[in-house]
Every structure is written in C-alpha cells, then in structure tokens.
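Chemist: One structure, pasted below without further comment.
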Amino acid sequence: MSHNDTIVAQATPPGRGGVGILRISGLKARDVAQEVLGKLPKPRYADYLPFKDVDGSALDQGIALWFPGPNSFTGEDVLELQGHGGPVILDLLLKRILTLPGVRIARPGEFSERAFLNDKLDLAQAEAIADLIDASSEQAARSALNSLQGAFSARVNHLVEALTHLRIYVEAAIDFPDEEIDFLSDGKIEAQLNGVIADLDAVRTEARQGSLLREGMKVVIAGRPNAGKSSLLNALAGREAAIVTDIAGTTRDVLREHIHIDGMPLHIIDTAGLRDASDEVERIGIERAWQEIEQADRVLFMVDGTTTDAVDPADIWPDFIARLPKNLPITVVRNKADITGETLGISEVNGHSLVRLSARTGEGIDVLRNHLKQSMGFDTNMEGGFLARRRHLQALAEAAEHLEQGKAQLLGAWAGELLAEELRLAQQSLSEITGEFTSDDLLGRIFSSFCIGK
C-alpha cells in the first residue's frame, strides 16, 4: 500500500448514532468531493449538501467540510462527510466513494501516520491521540491531552537541544586540543552534563507517573482457600464482584476487576485458593492463579488471621514464598481483624509490608488503598503531567545510562571521543520518542493499534 493512495474510513464508532462521519485524505479527495457532492466546498466552511450515488440520486444529506492541504490534520487534502449515523447509510456512502479509482480503505491509524509523516505531529503526539481515546479516568484524559498538545515532546526536545549544545563543546575540545581553554578538564562540560542528567531524571519521574496513569498496576490476591480473597476483591471494587461463601474452593477461576485509586488504574485479580486439589476444575484454576501471580506487579498474600499468629510470610507458608518469582513485591494482608481484635494499620516485617484489616467489614481497606498507591510511587498532586508508554520509559532509561557512562569516561579518563559517542547515543535514544530516529517496523506496530478512522 502506498502513502500516495487516497484513503477513506469511518471516523465515528460503528453502530447506530445521530451522526456518522466518513473521512477522506489524499490527492483524490478533491475528485471525491466533485463526484459525491457535485462541487468543491469552500475551505473550512460547513456546507449542507446531498451525498450523491453514481446515478445522481441522493444517498444521504449532511455537512461537508473541505480542508485543502497542507492545512489539515494529515497535511493532505481532507474531506469530511457528516451524515446520519445509520450503519446501512454509512456503508452505502463508503461503497460509493470506493467506486472512484485510486481510493481505498484506510489501515488502522493511517490518518495519524500520515500526519506524522507530513510533520503535522511527532510520534509522541500521535500516540497521545490513541491514549486520549482509551483514557479510563479524567486524570488520564487530561494527561493524554497534554501530550497531544506537545508537553512531553517539549521536554524531550529540550533535552535533545541541551545534548546538541554539549556535543558542540566536546567536539570543540577534541578538534582543537591546542586551545588555551581545555573544555574537558575545566569543569564546564561536567557541570553541563550534570545539568542534563538532572533534567532527564525529572522527566523520567514524570514519565513513570504517566505510565502508571496509562498502564495501571496489576495486583493479584493469592492465598489459601477461605482466607477472604474474594471478600477483599469485593471491598476494593466497592461491589459484589465475586461470590463469597464459607465453602473452601468457591473461586475456581480468575476474576478481574478494574478500579481507580485517585486516578491510577488498578487491575485487581482474585484467584483460586492455593492447595493440592484433586478436583480437575479446581486444579486448572490453581494453575491459572500461578500464571497470574508470575505476571503481577504486586501480590497481596491473604492470610486468615484466625488460623495463625505469624506475620512473616516465610513462617506462614514457606513453600508459597519459595515459588514466587524473584523480586516480586509482596504485601501480607492479615484478614479478619474484626474477629481477632488486631489493631488495624500497616507495618513492616522482614522487608515486607503487613496490613491488618477486615475485608468483611471494610475496616482497614483505605489503608491498603493508600499502600498500593504509594508502593507504585503514584503522586496525585503532580499537575500538568503527560502520559507515557513503556517504550518511552525504555528510551529514557537508555539515554540516562549513556549519560552516566559518558560521565564516567569524562571523569575517569578525560576521554573526549568516548564521551562524544555516549552523548550521541543518548540523543538518539531520546529522538526515538518523538520519531526523529525510529525504525519503520516500530512505526508499523504503533499505528496498527489505532482506530481505523484515526
């Protein structure tokens, strides 16, 4: 498929609605207007017109908007037809447009891809369009809009410019070694490098917040049967999401709930009670429980406080702890404090967090909520943030690593050439975020996740 083709797609969600929009972009958009509308509308003015079939009969009537390139979303000629939102009507109009030579259905995200290729958006802004559509909270939506308006890109571009300036100094020190001022040893380059590292650390902190807003945190509730796992799921979700009985093994499959804690998405997973099961269905449920545990960001180790006084997970169930993935964070949740009379709250035991609560009464649930938020480093007071994806975090981490290696070369051996190379690599990593240096394969993966009409 060529970027010279003219593309068309429905820009509104499928199904019935008051308004349905078809978007056309490319060189043939002008021909589509002449054929379907009988005229070329005045640029950027709403024109109420009939939408005509091949024989001249009306298929629908509605608003036509004409945006000649380069002053359009894609940078190409763009025509938008806003008609009635019935699927049959839109399908008839789409088929009519596709009868014209050189016009084809758009690939997912192709409109945004063309906007990127025509320098109307950088890659981070293009990704923000999809993130804005998929936002699951008000805070995520606001942060996605900030990214779309260039907040994230501006921070990255500032770092790139600072690195460019620093590289000039380093290259000058390499190319003109006989000058009176030795830029490598007089401390100026070190001071500038430290400034860039500090700025990058600040951006990484904000990016981690943005990633939490977008990705959320996956928390798996695990433990023995009848420890109160399903009751905890219901308490966190604020509704009866799981069946709760006194019968051991009631939960046999994985149950998922998605909630928000001050804007941070939390993916809670209730699992089957872990034990040696003879029942085939329960055994499969336990296998799935372990699969979820291995992919978790944190495990809530649920303990029935009426069965043991132990608080160290290694003492409570050593075989369970031994099987957990290395470095997986664990929070021990001692349940049924309403029965045992334990003091509600949170403490630390041998490097693990310990929360005492009652899932049945809801006492102590707020303590657990705050603990989950703090354990991920989520800051609800951070204003003007932006959303970030995992690839952004990886690129920022790579840039930080190159800068630290460059600093080591500078202070350890005054190796200007090696410092210059590390600065170049750091700059390249940052430029991957905005798409200045990005492989075609990565671009294809990013835009293929978009809506068809975007």
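Each Cβ is built from the backbone N, Cα and C atoms, and glycine gets one as well.
According to Swiss-Prot:
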{"type": "BINDING", "residues": "ARG23, GLU80, LYS120, LYS454", "note": "(6S)-5-formyl-5,6,7,8-tetrahydrofolate binding site"}
{"type": "DOMAIN", "residues": "216-377", "note": "domain 'TrmE-type G'"}
{"type": "BINDING", "residues": "ASN226, THR245, ILE247, THR250", "note": "K(+) binding site"}
{"type": "BINDING", "residues": "226-231, 245-251, 270-273, 335-338, 358-360", "note": "GTP binding site"}
{"type": "BINDING", "residues": "SER230, THR251", "note": "Mg(2+) binding site"}
Chemist: Whole-number Å only: compute the distance from the Cα of ARG23 ((6S)-5-formyl-5,6,7,8-tetrahydrofolate binding site) to the Cα of ALA272 (GTP binding site).
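Modeler: About 48 Å separate the Cα atoms of these two residues.
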Chemist: Could you round the CA separation between GLU80 ((6S)-5-formyl-5,6,7,8-tetrahydrofolate binding site) and SER230 (Mg(2+) binding site) to a whole angstrom and send it over?
Modeler: 50
Chemist: Starting from the Cβ of SER358 (GTP binding site), draw a 10 Å sphere and report how many other Cβ atoms land inside it.
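Modeler: By my count, 23.
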Chemist: Between the binding-site residues ASN226, SER230, where is the Cβ count within 10 Å the lowest?
Modeler: ASN226
Chemist: On the three-state reduction of DSSP, what should I expect for SER230 (Mg(2+) binding site)?
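Modeler: Assignment for SER230 (Mg(2+) binding site) reads helix.
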Chemist: What is the one among the binding-site residues ARG23, LYS120, LYS229, LYS336 whose Cβ has the most other Cβ atoms less than or equal to 10 Å away?
Modeler: LYS229
Chemist: Could you measure between LYS336 (GTP binding site) and ASN226 (K(+) binding site) for me? Cα positions, answer in whole angstrom.
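Modeler: So the Cα of ASN226 (K(+) binding site) lies 11 Å away from that of LYS336 (GTP binding site).
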Chemist: Over all shown protein chains, what is the count of other CB atoms within 10 A of the CB belonging to GLU80 ((6S)-5-formyl-5,6,7,8-tetrahydrofolate binding site)?
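Modeler: Other Cβ atoms within 10 Å of GLU80 ((6S)-5-formyl-5,6,7,8-tetrahydrofolate binding site): 21.
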Chemist: Based on Cα distances to SER230 (Mg(2+) binding site), point out the closest of the binding-site residues LYS120, ALA272, SER358.
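Modeler: If we rank LYS120, ALA272, SER358 by Cα distance to SER230 (Mg(2+) binding site), first place goes to ALA272.
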Chemist: Neighbour count, 10 Å Cβ-Cβ cut-off, for ALA272 (GTP binding site): what number do you get?
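Modeler: ALA272 (GTP binding site) is surrounded by 27 other Cβ atoms within 10 Å.
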